[in-house]
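According to Swiss-Prot, the protein carries these features:
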type	residues	note
SIGNAL	1-18	signal peptide
MOD_RES	Gln28	pyrrolidone carboxylic acid
DISULFID	Cys31-Cys105	disulfide bond
ACT_SITE	Ser116	active site, nucleophile
DISULFID	Cys164-Cys171	disulfide bond
ACT_SITE	Asp168	active site
ACT_SITE	His181	active site, proton donor/acceptor
Amino acid sequence: MKFTTLATLALGAVSALAAPVTELESRQLFCRDVYVFFARGTGEVGTLGTVVGPGLSAAVKLAVRDSVEFEGIDYPALVSGYLAGGDRGGARTMANKVSQTASRCPNAKIFISGYSQGAQVTHLAARQLSAADQARVTGVVTFGDPYRDDALPGGLQSRRKTYCNVGDLICAGLPTLLAPHFTYGSDTPDAARWIAARV
């Protein structure tokens, strides 16, 4: 009887000391400091592709000292999507990722990025974001961007970094693949430094 009473008192004391965790705190518990949502180019495999995604992911994690989540957007990346101006489903997915992260992790820095058709997807996603969610995007980075000359909505234009190589006709809006379009991997360290400077 005495043991039961003591155990009950001990459990009560522990419960009293443990502060209740609110729903918001629970959702924020697993937040990263930095999120990068990246869309690969046409025909690339996986969600990160091969030309830019893996190198950018590694470079960002090296350059940014805080915790980072680098996530590839799952979308078909078909030629038909590029010719249509970018895959709409992929853009919706990216926009939803931003909105959900902005709501769940109010202190996180959020970046969106894309290569080739992925850059188109990034532009389309930016247009789908509410003004409040656009304000939560810390920066936009694109490579081989067919929409290089198109302004991003709201204040995102001033938080934009675009890489377009000399001789890359995709950047000129022409559906012609030449060697300069496949060398953006060398720009990933610079892009990572640009991101790190804004964290």
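Numbering starts at 1 and runs along the chain as it is shown here.
Using the three backbone atoms N, Cα and C, a Cβ is placed for every residue, glycine included.
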For Cys31 (disulfide bond), the one of Ser116, Asp168, His181 that lies nearest, given that the active-site residues are compared by Cα: Ser116
His181 (active site, proton donor/acceptor) and the residue listed as 'active site, nucleophile', distance between Cα atoms, whole Å: 8
Lowest local Cβ density among Cys31, Cys171, which the record lists as disulfide-bonded residues, within 10 Å: Cys31
For His181 (active site, proton donor/acceptor), the one of Cys105, Cys164, Asp168, Cys171 that lies nearest, given that the recorded positions are compared by Cα: Asp168
Same chain, 6+ residues apart, C-beta under 8 Å of the C-beta of Asp168 (active site), given in sequence order: Gly144, Leu178, Pro180, His181
Rounded distance in angstrom between the Cα atoms of Cys164 (disulfide bond) and Cys105 (disulfide bond): 32
Where Ser116 (active site, nucleophile) sits in the secondary structure, as DSSP reduces it to three classes: coil
